Amino acid sequence: MSDRLTLLRPDDWHIHLRDGAALANTVGDAARTFGRAIVMPNLVPPVRNAAEADAYRQRILAARPAASRFEPLMVLYLTDRTSAEEIRTAKASGFVHAAKLYPAGATTNSDSGVTRIDNIFEALEAMAEVGMPLLVHGEVTRAEVDVFDREKQFIDEHLRRVVERFPTLKVVFEHITTGDAAQFVREAPANVGATITAHHLLYNRNHMLVGGIRPHFYCLPILKRNTHQEALLDAAVSGNPKFFLGTDSAPHARHAKEAACGCAGCYSAYAAIELYAEAFEQRNALDKLEGFASLHGPDFYGLPRNTDRITLVREEWQAPASLPFGDFDVVPLRAGETLRWKLLEAGA
C-alpha cells in the first residue's frame, strides 16, 4: 500500500464560494487544491446574466492568493424569465460555462428559482444550440413529498422528460445522493453526467441523526440511508466517466448552522481531496481517484485537463475546530477529527 499518491491537479465541478468578506477565506481553500471550479450562482441577488457573472468573477479573482492560477468557471442562475438571448450572450463571454436549475425553494437562496420546468424550455433550447451544460439541483419541493424521496421524485417527474426532449443538451445531475440517481445517470445517454460530494460518500443519515442531531452534517439534498451511500461509492470508484468530483462545499457561519432552524451545507473545501482519498481508500480504489477527480470532469465539459500535479501523503493530522469565514467562523466537515491523508504544499 503506497504512502504517496500523485494526481493531475483536480477540479471542483460544484462549489459555493459565497461573496463579500468570505471570499478571502473560501477562494484560498479552493485554490489550494483545485485548478478550476464551477462556482454556484445562488447569491443574493443571484447571478442571472453575463454582466453579473463577470462582476462576481472579478471579485473571486481579486481574492485569489498571490501567484495562484485558480480559475473560477462561472454559472448563470436560471429563472422563469431567462431568455435565449441571455444564454447566447453568456456563452459568447467565454467565462460562463453552464447554467443552473434550482427548483424554487429547493435549497439555500433558491427562492428566485424555476417554478415550472416548462418555463425554461426556451433557455434550454438555446443552451443545447450553443453547447452550454445544464446543471441540475434534482429535487422536487412540494410539501407533500418526503424530504428523503425528493431526488427520486424529481427524476421521475422532470429529469427524464428534459433529457428526452433535449437530446443534445449536456446535463449534470449535481450532488447525487441516491442509488436511483446513480442508476439513472449510468443508463442515460452520454450527454448526462453527475457530480458526487465527499460527504455523501463518507456519511449517511445515521451519522447526522443517531445519538443526537449533528447540524454540520445537514445538507441538501439530505444524507440518505447507508444503501444509497454504498451505491454512490460504487459509482464513484467504477471508473465510469459520467461521474466526477463536485464538493458542493457550502459554508455557513457557525451561528447559522448551530440554530433552532439551521442552514443546509457542509464546508469541505479546506480538505476536499483528502476526504475523497479516504472514501476511495475504503473501497481499495485509490487508483480510480485521478479519473474521478482530474479527468472525467474536464472531459465532460470539453475543457483541457490540467497539466500540473498534486501529491497526497499518508499522514494523520487534525482538522481545525473552526476556520475564519469573513466576519464569522465556520465549522468544517470533520472539525477536530483526524484525517488520514494530507496534501503536500508546493515546495514541501
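Going from the start of the chain as shown, residues are counted 1 onward.
Glycine is treated like the rest: Cβ placed from N, Cα and C.
Residue density at H14 (Zn(2+) 1 binding site): 27 other Cβ atoms are found within 10 A of its Cβ, drawing on all protein chains shown. Residues annotated as Zn(2+) 1 binding site in Swiss-Prot: H14, H16, K100, D248.
Residues annotated as substrate binding site in Swiss-Prot: H16, L17, R18, N42, H137, L220, H252, A264. DSSP assigns R18 (substrate binding site) to coil in the three-state reduction, outside any helix or strand. R18 (substrate binding site) has a Cβ environment of 24 other Cβ atoms inside 10 Å.
The Zn(2+) 2 binding site feature in Swiss-Prot is assigned to K100, H137, H175; the stated evidence is sequence analysis. Taking a C-beta cut-off of under 8 angstroms and a sequence separation of 6 or more, H175 (Zn(2+) 2 binding site) has the following same-chain neighbours: H14, H137, T195, I196, T197, H200, P221, G246, D248.
According to Swiss-Prot, the feature N6-carboxylysine maps to K100, an assignment based on sequence analysis. For K100 (Zn(2+) 1 binding site), the number of other Cβ atoms no farther than 10 Å from its own Cβ, over all displayed protein chains, is 25.
The active site annotation in Swiss-Prot covers D248 and rests on sequence analysis. Counting every protein chain shown, the Cβ of D248 (Zn(2+) 1 binding site) has 27 other Cβ atoms within 10 Å.
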Cα of L220 (substrate binding site) to Cα of K100 (Zn(2+) 1 binding site): how many Å, rounded? 15
Rounded to an integer, what is the Cα-Cα distance in Å between K100 (Zn(2+) 1 binding site) and L17 (substrate binding site)? 15
Going by DSSP, give the three-state secondary structure for N42 (substrate binding site). coil
I need the neighbours of the Zn(2+) 1 site defined by H14, H16, K100, D248. Which other residues of that chain put their C-beta within 8 angstroms of the C-beta centroid, in sequence order? I15, I38, M40, N42, L135, E174, H175, G246, A250
Write down the Cα-Cα distance for H16 (Zn(2+) 1 binding site) and A264 (substrate binding site), rounded and given in Å. 12
